[in-house]
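Report on one structure; see the data block that follows.
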Amino acid sequence: MLAVVSWVLTASQPAIAATTWRDAMMVGNGAFAMSFGATFTATTLKFSLVPWGLTCLVGVLLTVSLRAAKPASPWALLWGLLAFVLPAGLCLGWARTHLSVWTAFVTLGIFALVVFLAVARRLSWWNLGEVFPGGEPWPWLVLTGRLVRVLSGITLGVSALALLAGVVCGWGDMTRIWVSLHPDWVGSVALAFGILAYLPTLLGWTASWLVGSGFTVGQNTVFSPGQVISGDLPPVPFLAWLPHTPVGWWPVAIPVIAGILGGLLMSRRHEVPLSDTMLSLALMLAILLGGGFVIISAVSGSLGPGRLIAVGPTPATLYAGVIAWGVPFGATLVLAHRRVAVAATRFSYKITGKNVDALPTTELNM
C-alpha cells in the first residue's frame, strides 16, 4: 500500500516522473520498516524517531481483520497472525540493504504478541481463569490490571487535552510554517501524513512536559513548564505546537490532582482487602516503572544530523512520572480504603475521649 502511494505521488510530478516501481517500493518499504523501529544512518545523519502513528494504524487494521475472522482456536489465530508476520519479516529483511533493522524485528515480535492478546481476549475460547487455582484470577491481580488501565487512561486523556491546547495555541505559527514551505499537493499530503504519524510521539512528549521534567528537541534545548530553551528548530509544522515561553510550574499540579481523583474513584469501586490492595499497588508501580521506561525509549530518537541527534523526554521523566501520577493515585487509594477509614475513625474517638464501643460495627474482610 505504501509503495503504491509512493509511486502515485512521485510519478505524477514532472520533475520526478522517471520514478520506477522499485524506487517506490524502496520508499514505501522503508516507511513500513521505520514504523517498527528501523533506523537510517549515514555519515553525518541518523534518523530513528519512530512514526508510531503508522504502527498503530497497522495494528488497528490487523486486529479488526482478525477479530472479524473469529478464529476458532489459538492455533487458527496464530496461523492468521503468521500471514502478516512472515511478509512483514521479509519486508524488514529487504530494508536491511539501506536501514538498520535488528530493533525492528524485536518490535515486530512484541507487536504480534500484543495483537494476539488483543484479539484472543474477545474470543470464547480465551479463559485465563483456568490457569489459576479455583478457576479465577487472584483478586489482587485483577485489581492490579484495573489500576493500570485506569491510570493509563487518565494519563492518556490529560495528555491529549494538553496537546490539544498546544495545537490551538500554535495553530497560527504552524500555518505560517506550512505556507513558507510552499508545498504542492504532494507536499501537503506528505506533511499531513507526517503529523499524523508522529501524534503518539507528541503525546509522549506532552506527558513528560506535564510532570515537569520536559523534553528536548536537539542538544542544548529543553521544553518544560518552568523553562524553555528552544534554539533553532527545523521548519517542521508540528514543532510550532511546542511551548514558546515558560508558563510556570502550575501544570505539574494537573497530574497530581488527576491521580488523586482517580484514586478516589477506584477506592469506591473495589472490595479488595487492604493487604491485597497494597500488593496490587506495589505491582502497579513496578509496571509503571517498566512501562514508562519502554515508552520513554520509544518516543526518543534522532531527527537528523548535528544537534538533532537526540530528541525526546529527559532522563528524569521516568521518576517524575511515577511521583506525579503513581504516588498520588496510590496514596489516595490506600487512605480512602474502608479499612483505613474505620481505623482513623476509631483513633479519632480515642483521642477525643469518646466511647469507641459506641461506633457502629461492620464486617471487614481483613
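Each residue, glycine too, has its Cβ placed from N, Cα and C.
Here TrEMBL flags 1-17 as signal peptide.
The transmembrane segment annotation in TrEMBL covers 27-45 (among others).
With a threshold of 8 Å between CB atoms, the same-chain residues lying at least 6 positions outside the transmembrane segment (75-94) that come near it are 29, 32-33, 36, 38, 62, 66, 69, 101, 104-105, 108, 112, 115-116, 119-120, 123. Summarising the annotation, TrEMBL assigns transmembrane segment to 75-94 (among others).
The feature transmembrane segment is assigned by TrEMBL to 101-120 (among others).
For 147-173 (among others), the entry in TrEMBL reads transmembrane segment.
Look at TrEMBL and you will find 185-205 (among others) tagged as transmembrane segment. Tertiary proximity for the transmembrane segment (185-205) is limited to same-chain residues at least six positions away from its ends with a CB under 8 Å from its CB atoms, namely 9-10, 12-13, 35, 49-54, 56, 156, 159-160, 163, 178, 215, 223, 236-238, 241, 295-296, 298-299, 312-313.
Residues or ranges marked as transmembrane segment in TrEMBL: 247-266 (among others). Residues of the same chain lying 6 or more positions beyond the ends of the transmembrane segment (247-266) and with a Cβ under 8 Å from any Cβ of it are 146-147, 150-151, 154-155, 158, 162, 209-212, 225-226, 321, 324-333, 336.
Residues annotated as transmembrane segment in TrEMBL: 278-298 (among others).
Annotation source TrEMBL lists transmembrane segment at 318-336 (among others).
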Same-chain residues near the transmembrane segment (147-173), Cβ under 8 Å, at least 6 residues beyond its ends: 202-204, 206-207, 209-210, 240-243, 251, 254-255, 258-259, 262, 265-266, 280-281, 284, 287-288, 325-326, 329, 333
